[in-house]
Amino acid sequence: MPEKTVKPDILGLTASLITWGIKQFKGKGIQDVIEAVHLQNKEGQRPILRKKHPTDNGIDYVFALPAGVDRSDFERERHYFESYLNSIVEFEAQGRKLILKTYKANFKKKIPFDFNPSLYPEMFAPFPVGKTPDGKTLVEDLYNLPHMMVGGQTGYGKTSFLLVVMVACLLSGVKVSVVDRKGVDFPRFAPWVNLALTDADTEVLLQQHIQEMHRRQRILREAECQNFAEYAEHYNDLPYLVLFIDELTQIRNKACFEAIGDMSVLSRVSGISMILATQKPGAKIWDGFTDVRSQLSGAMCFRVRDQTDSQIVLGSGNTRGAELPKIKGRAVWNNDQDQIVQSMYLTAKEAYSVLMERVSKGVYSFANASNDECTERIDT
Ligand SMILES: Nc1ncnc2c1ncn2[C@@H]1O[C@H](COP(=O)(O)OP(=O)(O)OP(=O)(O)O)[C@@H](O)[C@H]1O
């Protein structure tokens with residue numbers, strides 16, 4: 001679990017003071033914001049605004065950077081730039097130049113599901129993360145992550161996002177399993193997905209994944225392939241698998257924790273991804289889950305309660321999840337870098353219609369691995 005390096009109350013007070021300070025500068029110029037937040041190197045040298053030009057989406061501000069100041073210094077003050085410029089702000093570093101890009105994001109309130117995985121033939125499990133402020137659809141491949149955390153306060157769009165990813169997977173021929181401990185949203189998808197609603201079912205489903213993971217490791221080894229991608233170049237008998245777990249904090253069984261832990265570390269090569277969703281990122285559960293958290297390289301963070309929750313989803317020092325506007329479907333996507341997105345909106349009913357229309361029924365049946373295969377442990 002990332003360290004809790006920020007004390008929310010102190011930060012909150014500092015934020016208000018600096019925001020107040022920035023308001024005093026309104027009407028002067030962006031250079032004054034740099035001064036207000038003390039964005040400078042040890043010698044007191046500050047980035048200098050060299051150019052400013054309009055773009056299709058907003059304005060690009062080009063700064064020359066003094067030694068010792070880089071993109072991360074701007075990232076840290078993002079909140080203040082966004083509040084001063086009243087826009088979404090992204091940063092692009094080019095050598096000693098930094099471009100601060102503003103976006104007057106005209107996100108539609110509800111962006112309907114619209115995704116065609118056949119446009120991404122090079123990906124195993126493509127899914128639309130959402131629309132970015134420049135109006136493009138951001139698409140990622142689960143195989144590249146390969147695990148993802150989805151966090152957010154109740155009512156901000158987690159379930160809709162999980163449905164989007166699930167439908168995208170099924171449209172691509174990816175085989176899906178879902179642990180749905182709330183038992184409300186996913187039971188209707190039983191014709192297409194392996195479903196676990198109870199503790200006992202969850203334990204069985206997780207054990208099946210562990211066995212499948214070891215079976216696949218053996219198949220890859222026999223085929224002399226390093227990973228799933230290499231195997232898929234030669235054979236097409238192993239579909240990509242994705243396991244969704246909603247809601248993670250409802251899992252309290254030790255055997256299930258261990259299975260999730262093993263899969264988070266070992267399933268990378270064998271074409272199995274996990275998506276762990278929670279509305280309580282700050283729950284105690286992560287205390288015993290430090291290794292798992294560090295394996296979830298993709299994170300989708302809807303608005304969260306506080307800066308601590310944001311840091312658990314997005315990483316140490318990253319408080320953007322708590323600073324998001326109160327807009328449903330608005331999220332920070334993090335995979336190395338942050339990106340503000342508006343996720344597509346899909347109800348369970350609509351997801352069901354899409355699947356009825358476009359995906360034939362049939363859940364993935366796990367092979368009956370022999371005991372030898374199941375107990376074998378292979379270091380990757
Ligand atoms: N991507 C979206 N765009 C616009 N509105 C959305 C989006 N996703 C969800 N909403 C709105 O927010 C409501 C709650 O969405 P959802 O059930 O997905 O939230 P949640 O975070 O999963 O809540 P819970 O944790 O209680 O299940 C929806 O009924 C819908 O009105």
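Just so you know, glycine gets a Cβ as well, placed from its N, Cα and C.
Taken from TrEMBL, the feature ATP binding site applies to Gly152, Gln153, Thr154, Gly155, Tyr156, Gly157, Lys158, Thr159. Taking all protein chains in view, 24 other C-beta atoms sit within 10 angstroms of the C-beta of Lys158 (ATP binding site). In three-state terms derived from DSSP, Lys158 (ATP binding site) belongs to a helical segment.
The domain 'FtsK' feature in TrEMBL is assigned to 135-311.
Neighbour counts were taken at the CB atom with a 10 A radius for the binding-site residues Gly152, Gly155, Gly157; the maximum falls on Gly152.
Cβ contacts within 10 Å of Thr154 (ATP binding site), excluding its own Cβ and spanning all protein chains shown: 11. Applying an 8 A CB threshold to same-chain residues 6+ apart, the list for Thr159 (ATP binding site) reads Asp185, Asp246, Ala348. Under 6 Å, Cβ to nearest atom of ligand 1: this is the test, and of the binding-site residues Gly152, Gln153, Thr154 it is passed by Gly152, Thr154.
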